[in-house]
Amino acid sequence: MSCAISALTVESPSSSSSSSSPGYFGTDSPNLERYPRRGRRHSYDSPVSRRSHIYDADAIFVRVDLFLSELERRLAWLDNYRQERILHLDATLKQGYAALEAVRDSCSYASGELIWGAAKQRAKICVETLESRFSNAIPSKQSLEQKAQASMKLMDSYLSELEARAHARQSNFSAAIDEGWKRVDNSIAHTREIIDEGFDRARKAKEVLKESISSALLQAAETRLIRYEDLPHPWQVNPHIIRGYRFTESKVECLTSIFKPSNETVNIWSHVIGLIIVLAIAFYFYPTSATFPLSTKTDVLISAIFFAAACKCLICSTMWHTMNGIADKTLLERFACVDYTGISFLVAASILSTEWTAFYCEPVSRSVYMALTAVLGILGTILPWQSTFNRADMAWARVAFYVTLAATGFAPVIQLNMTRGPEWSFYFYAPIAKSLFVYVAGAMIYASHVPERWFPGAFDYVGGSHNIWHLAVLGGILFHYTAMIQFFNGAFRRAVEAGDCLA
Ligand SMILES: [Zn+2]
């Protein structure tokens, strides 16, 4: 997986300096000059700093990360102060607000585990989201670092104007608002610092992250487990899990930590034990079952693909949960082969075994369905790592992909309904209902952060949504195995009735 951030240093060509002048926004783009900026003048407006010849790309991506967290705070404030009224009269501002929301949503997409910390990837998504909404607003021939700079400038202009209007309206109403405004003003100052161009500033932002890593390490050395708020920003994933975080520079310590209690203990051991159970089934219970001697080599291969997918999913998950306390972003991202991609492959392998047995004596239908499922299963492990696939405006593509993957599991049901009748199909598919139910229920719990969302801190060590999800995955695997054995037995009976169709 290549989601690691490369620390590269690039030259900023002096010819590109004109592109950072305010006039570069094209005709389709918002006219930012209509909105005078509050506060002091930005250093990125200065021709001297524009000539700054070295960009530290990595530091810029880290700054985009920091900017995005400030963006969330500032948008939350605007939400509280009823932005609809502010936006009422101005279509351009409305478009800007929608773009800011799109950036916020696309950059905090999915479980958070998927792209969190991958600062470069977040910067890319941020730039692409803005490019898709404002053609010409971001100069097309620039490097990602320069585009990221331009994106932050564009977003800050909108935010400043929205906030200025909100403040002007609200300060007429109540003194209490002043407190809220003070908070947002601090956030604005912070954002300005983040945006301000210049090598030193870029370095500083990187230093901020380094400092927060060092202080988290110190805290962890003292108390072993630290709290959510002590974690550096890129490590913060689920705010409802408050205590029990590991944080260390040592890989060995990550490994040995599995024997000490932490908020990952249940996640790790549920899948270690799960892996042992799956291996025991694959190498002992399945070969000694009554089904095995009746199986052809291809039948065994289909079962083996399912067992391999189950093991891959459990191993990736265990590795991830064991190593996610490591205080090294690059290393961390290498271990981030999360449950999400493992599960697509597992679902595809489970559907394959169903298709194989459902059309045991119908080679044409069988080949078509299985080829489609196999292709989608492989795509399912690749696509989630593509930033384009994760963009907010690509939601339709994600929905279409997962619906198609699921449809390859359901299309055979329709065909069997028509060719063999509903009763036959019902009895054929009944064994898989349990497995399907636990997967779907588990995924819903996983996505909703329930129950810790309702009682933050109460499920830090045991009983959180991720613990439940892990048990659901294990349950889904075991229920599918029992269903698969029943599918094989049914297929063998039909093969005998049809005069041994595979012979
Ligand atoms: Zn997990």
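Note that Cβ sites are derived from N, Cα and C of the backbone, with glycine treated the same way.
Remember, TrEMBL labels are computer predictions, not curated facts.
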Original post:
Which of these, H233, H321, does TrEMBL list as part of the Zn(2+) site with H466, H470?
Top reply: H321
**OP:** May I ask for the residues of the chain that lie six or more residues beyond the transmembrane segment (395-414) and have a Cβ under 8 Å from a Cβ within it?
**Re:** 344, 347-348, 351, 354-355, 358-359, 365, 369, 372-373, 376-377, 379-380, 383, 389, 425, 429
Subject >> Stretch contact, the transmembrane segment (426-448) with the transmembrane segment (298-320), Cβ-Cβ under 8 Å, 3+ pairs >> reply: no
**OP:** Tally every other Cβ atom lying within 10 Å of the Cβ atom of H466 (Zn(2+) binding site).
**Re:** 23
